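Residues or ranges marked as ATP binding site in Swiss-Prot (evidence: sequence analysis): 826, 827, 828, 829, 830, 831, 832, 833. Residues annotated as domain 'Alphavirus-like MT' in Swiss-Prot: 72-280. The feature domain '(+)RNA virus helicase ATP-binding' is assigned by Swiss-Prot to 794-953. According to Swiss-Prot, the feature domain '(+)RNA virus helicase C-terminal' maps to 954-1112. The feature domain 'RdRp catalytic' is assigned by Swiss-Prot to 1374-1487. Here Swiss-Prot flags 50-452 as region 'Methyltransferase'. The region 'Helicase' annotation in Swiss-Prot covers 822-1080.
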């Protein structure tokens, strides 16, 4: 999770800084989806609670060891051996996971309470009391169950449903849950279908291994899963074996094996060593003369070994595996019974068919690697005897000592000198003033004894040398005799004792007449044999899967039945299956019923299974349905006459404004709610309801339910506050408040005052709704106990509206209006309010607005002329109109910001106003109606307003030009503006919300927030008191209003869904101002990025949105040179300061880096380096002093560094960066099959069909001559002395570094020490063999590639690149893809090698040479002779290999071909790790980044751009072709280099730069070049002036010299 969170944070930061703008949204979404998918998968794992207190390291250890579980670490229980005790729960759950749920299971020595808690009523625990400790533990288990039940009883909770069956079984039949018998003697049995299983958690130690198989067979156990502690060291000749991960130790004494925990006082456990070893080493556990249990190890986790014992029937074995053999006992019996018969008859009778099987288990001992067993001698002064023991010591340490002391003279070869040397190399050493730890960690307590052994070994070795020498001179005696003679001369009188000790101790093997040093085996094999007699043959029964298949067949037939329906792909299959299973219904029957309904063959006919159609189907039938049918049958005229004649009726009144009479008496007062029980108000369920009638009626019903749900939710929350009030701080102002009537004080003080209503708790505990009156800030209460209020009960809003709507129903149904409804859809600031004021007739029309602020604003604007036209009667808020309905009719109804309202509310407003026409003004892209009641259903089709006519307004009178540019990305149609302000948007990211203070951080204009919490916090800080507009509002509250200046503030650092580029809240916030908008945020978020992007839009573009701008005519120029670049000479102008300014603008801060002494600082300071296994020669840590080279100093300041000196630390840092710590991102991959598939795709994508065949003759003399012509004479001279009889070691490479650091074109040099580039290369002799070979293979590959579509950039000039891209059609919509891969070389592994080898094979690589090449690139050794570093690498790409460049190019091409449909690609270019693809715009692509991670092990980032960037060059395509510009930023960076040695070197440098940047002389396409640079560098400005300056200085030799000066003189 840390990885996903860090990735998402990086994406947000990049968005704010303007990086990766083209793919940032896609990348963020992908990271989010991956995180959600992984977290959802993790959440489905079984959950285990780990309550013991353990360390953070142990938490990580347990989590990594058991990834199958979601472990929650509470750290709430201190206990002995917490780690091991807590792991027992995990181990038990892991064992039970292996068993099919519900299968009969025996837990051998188990804990019955653990199974009760999990609700496993199918487990029987055998819990024998083998000692007093067992009795105590079983009592403790019973106590835990009692404690658990008491805790439930105290909290008045019942048992969870899943535990009830297990606890009931224990209550009714406890012997079925557990018994006190040994597993071998357990009498419990159950006769149920299915297989039987067993688990043994740390309990098989006490079951004799010879009885285990029979005991399992007695219970007919199918598989037994077991777990036990063990250490491989117990198989060695050692008395103790520590288990470090759980802090325990095994101690062996004879056959007694003790187990105890370290560093604590606990009971010990004792077992039989021989019995434990049998379980470890045996494979077969015979159960009878037919059945045997076969043991297999499963895994080892945290010092616990898991295995399973599977029952095997030997009768299932193939008959041919048995052999004939004689049974000796049967032979003698037959001879006794039939002595008179011949011996042959007796032999035939005793012959039996025997099966023999053998299994071997290898045990690996990691601690004995590179160790030898050295004998130690200890003499006794008292007895005069000598004891011998053994110790394991590092092999390298032993032979280092022996080799060194062999160089001593005879006089110096003493015990003291040997001990002194051993002690010195064991201790820490000082190298160049630095303390370095010895690489050998040998126990100091054995150094003296080891020194004596080394002395004896050296004496013996010298004597052996003399014996061998004399043997060639004396042939009358054996080597052994001469050897003993020399020993006798050396030790004198001690010879007999020494001789006896040497022979008995193993130094001298008399039988073999040789000396031997013992080396322990890393692996020890234990074999187990099984012999069974053949008696019968049976067939292995197949698994019965008929029932699941029958069920699957039924669902398949049912879904086949349903497939005939239209839009069947939207059918919810999961819900269909759940319905059939819950109701136990045949799926086929259900499917036929559904099909019949959908085909109108049954009732409930509707076309589509949508809520709207279902509502129509459930609507009541018209009352005159029968009469309609009669008319259709009998009438001879048209069924629907155009003129309808009425017998009688009433004409409408000609005037408006008179009172009208409601069918009901009057609007019911909210007083009906007073003292109403809360239970009568609460909604029991908010599940999706089915509404009937037309869509308008359904919307109105849904709105009434919404009001009821809102009141219900508020009442429910107030009841909860009354229940939870105790323990709260009475002085803390909260959203809710509780007043104690008896005590006369606030138990919980609310923020608001004078609430309209609340919930009161009566003395009998009943809760009722009360309408409140206040006096002196306290509610006037009746005979109540407590009263609860909240911010939702400040006014009667929802109560009043609901009562009004209920009073207007007719027969319980809302009656919609038939007035004409017109929707005016306008952009922000289009003059909707102005249009209302210009159209409305205040005498007979009504204006309704959602909020009070808007209502005041309309009244103020309508009456600004001095004549009062607008009043509180004809301009009202929606809430006021619905709560205080007046019996009056209106001609026209104007609803401002009507789309912010519930559509049912709009329908009610139109109906209750009795208007003839309704004008609903709104914005489909701004904030819609927000459903603020959780879980209340507001279907999507209800959110669409039903209207008769729609008018569109796309001219904004309010918004400045830059905001208009943003709105054009939101609305259909072109949005224009009349505002003269061009730029108005700005953003500022502050360090934190503590910065905001009215005095130090004043905010201009109207202050707006996104959330209520931010609004409240700004109020607390005093901003409302100093604001010119007084009140601070949220974005939602001021929709529809206009201000000159706006300040939007975000104080919440956590992610907000309201703030996204597509959020309507962002659109509303950006469109409230006429002059200026400034956004203050504590985090980088999408709105900051929007502001940043708007600030970069050119004034020319913004002027086009103004309607009063003049008409701009574009000059059309026809083609002059079709297919060629238009050439406009670049003016040679500008100064050095122009280049410096451009560099500082694109890479701010890089020119201020003082890096001259970075290398010196790194060598002097302490460094912590993460180094893999390698050998370092510290004698090379201090380089030989050399005279420092003088270099020219550049005038232009860049991040370039001086060349560095090679040395141990510098080379090691480079090796770590380039070769160590390679990524490991690959998932599970079939290397061979996947590689073959990738190569086939590579071949199909890039190779011309006519040339797709192989070539078997790449090695020719012509190929060798072509290669040799490219080599230097010195290389050929080195090869002249090589005999080529055998190759040097092909798996050995040399390592060196480049002295000049690579310049980076980002801001990383400011805080990162750049590692040097490395060169890993073969010897010249190997290159002489494989250089011509791969050069020829490369030539053949490039000849076969479709060069019209794909460019493999090898030895191509800029002109050739331009020619390749010149046929791009600029009229075709396309985009550029770039796959940026970091750590490219060291990310390549075995899979990449397999892909590359298959490609070379297709081209005809020789089989023998291919195998040699493979071995040289599998496990390779690197040696850096300059720095004294040796290490080993696997499969990485070597930077100095003969196939480095073409291999990298092929791999990146194969990578993209495996993920992207290359047949859809327009153009593609590959070079090393660089790639660029032109694809059609909108092409649907797979998740390339994920594929690069999981298949190719690449840390990749995908960029979508308009212009390509390839090998440091910008590819600018246009209607005439394409032009390639060398990166100007890279050029300027090179002009700041610090490695120029002389004027001649400077001139060579200028010429090389002129060659690569020749295209900059053409300024015709500088505009496109600037756009391309802006895609890469977000701070880029128009750099044409800098480009001209570059051309000026490169084209003049003398002028170029002024860019550098040598330190000893002035410029020049």
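Quick reminder: no glycine exception, Cβ is built from N, Cα and C everywhere.
Residues 923, 953, 956, 957, 958 surround the recorded ATP site, their Cβ atoms falling within 8 Å of the Cβ centroid of 826, 827, 828, 829, 830, 831, 832, 833, which are themselves excluded. Of all the binding-site residues listed (827, 830), 827 sits in the most crowded Cβ setting, with the most other Cβ atoms within 10 Å. DSSP assigns residue 832 (ATP binding site) to a helix.
According to DSSP, the domain 'RdRp catalytic' (1374-1487) comprises 39 helix, 33 strand, 42 coil. Looking at 826, 829, the binding-site residues in this record, the fewest other C-beta atoms within 10 angstroms of the C-beta turn up around 826. Each of the binding-site residues 828, 831 was scored by the number of other CB atoms within 10 Å of its CB, and the largest score is that of 828.
Secondary structure from DSSP puts residue 827 (ATP binding site) in coil. Counting Cβ atoms from all protein chains shown, residue 832 (ATP binding site) has 23 others lying within 10 Å of its own Cβ. Mean pLDDT for the region 'Methyltransferase' (50-452) in this predicted model: 80.
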